[in-house]
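Quick notes on the structure that follows.
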Amino acid sequence: MRVLGIETSCDETGVAVYDDEQGLLSHTLYSQVKLHADYGGVVPELASRDHVRKIVPLVKQALADANCTLDDIDGVAYTKGPGLVGALLVGACMGRALAYSWGKPAVGVHHMEGHLLAPMLEDDVPEFPFLALLVSGGHSMLVGVEGIGQYEVLGESVDDAAGEAFDKTAKLMGLDYPGGPRLSKLAAKGETGHYRFPRPMTDRPGLDFSFSGLKTFAANTIAKEPDDEQTRANIARAFEEAVVDTLSIKCRRALKQTGYKRLVVAGGVSANTRLRTTLAETMQAQGGQVYYPRGEFCTDNGAMIAYAGLQRLKAGHIEDLGVKGEPRWPLDTLPAV
């Protein structure tokens, strides 16, 4: 089976073609980073309009790169949610229109299921069951995964997601958008031990996260310290260490609770070098293994949507002609495959 996947949940337009025998045949991506940089964050209306401009050329490019015609495509998958409703509707309209005009089945994919399954695009594929840590700009959650669609949300953020905390703290430090990667780059120049940030909600039972307090702590620290490059780097280092330690502590707690020996880490924050190193050490100490998608599949992309959609289309999960976007969509409400 061969599926065209479309991703438009936020500020990346991604289109890919995935074949269940040959693997990933093409992967095209357009980022709106330059468009939103002047505003310090994503402007939903501008994001939607830019998706409209870019999506048709990217579909054509993905088909050409895969050496495919419409006759070679067996189904269409598009991100149905969660995300920015206007952006979602652009991808949903395109996906539904292509499916209808080509006479192919279509399915709306959960954005976070796409991230969760992104490591399946690699050569070293995790076996079920496993624990998934999903960390992005909009979500931070720990999920017990018994199979595709068999998800138990063990813990999630009660306020800011980890990626959101990175971006907001970066903005407080005067760093350009996108702030998270720039903060991590600055943190690499910092020295440890100068500041001690809290590790939120690690002093109590449970697996939920809270990162808004870290942002406030960072704001207060920035306000009272000298505004020189090394001080800013030291603050960035302390902030990053606090986020990574918090995620690591919760992962260890969840692994002990579930007994799983495999950990999948996905979403935009999974590209963070310190997080990868820390969790690799954690799993090695526990005799387990950690799995990540490659860097280009940590952020939003069409390849993960094509893969996830293919699994659901093969299981007969076909949607009607209605065009729907789900800005809020609990992961654990998905049907099993």
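One is the number of the first residue shown, and numbering goes on along the chain from there.
Even glycines carry a Cβ here, placed using N, Cα and C.
Feature annotation from Swiss-Prot assigns Fe cation binding site to His111, His115, Asp300; the stated evidence is sequence analysis. Annotation source Swiss-Prot lists substrate binding site at Leu134, Val135, Ser136, Gly137, Gly138, Asp167, Gly180, Asn272, citing sequence analysis.
Where Swiss-Prot records a feature, it is marked here on the structure.
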residue : record                 : DSSP class
His111  : Fe cation binding site : helix
Leu134  : substrate binding site : strand
Asp167  : substrate binding site : helix
Gly180  : substrate binding site : helix
Asn272  : substrate binding site : coil
Asp300  : Fe cation binding site : coil
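Comparing CA positions across the binding-site residues Val135, Asp167, Gly180, the one lying closest to His115 (Fe cation binding site) turns out to be Val135. Sequence-distant contacts of Ser136 (substrate binding site), defined as residues of its own chain at least six apart whose C-beta falls under 8 angstroms from its C-beta, comprise Met112, His115, Ala161, Ala162, Gly163, Gly267, Gly268, Val269.
Site extent for substrate: among the recorded binding residues Leu134, Val135, Ser136, Gly137, Gly138, Asp167, Gly180, Asn272, the largest C-alpha separation is 17 Å.
A Cβ within 8 Å of the Cβ centre of His111, His115, Asp300, the residues given for Fe cation, is found for these other residues of the same chain: Glu7, Ser9, Thr79, Met112, Gly114, Ser136, Gly267, Asn301, Met304, Ile305. Cα-Cα distance from Gly180 (substrate binding site) to Asp300 (Fe cation binding site): 15 Å (rounded to the nearest whole number). The two recorded residues Asp300 (Fe cation binding site) and Asp167 (substrate binding site) have their Cα atoms spaced 16 Å from each other.
Listed in sequence order, Met112, His115, Leu116, Ser140, Met141, Leu142, Val143, Ala266, Gly267 are the same-chain residues six or more apart from Leu134 (substrate binding site) with CB atoms under 8 A from its CB.
Packing around Asp167 (substrate binding site) is summarised by its Cβ count: 26 other Cβ atoms lie within 10 angstroms of its Cβ, all protein chains included.
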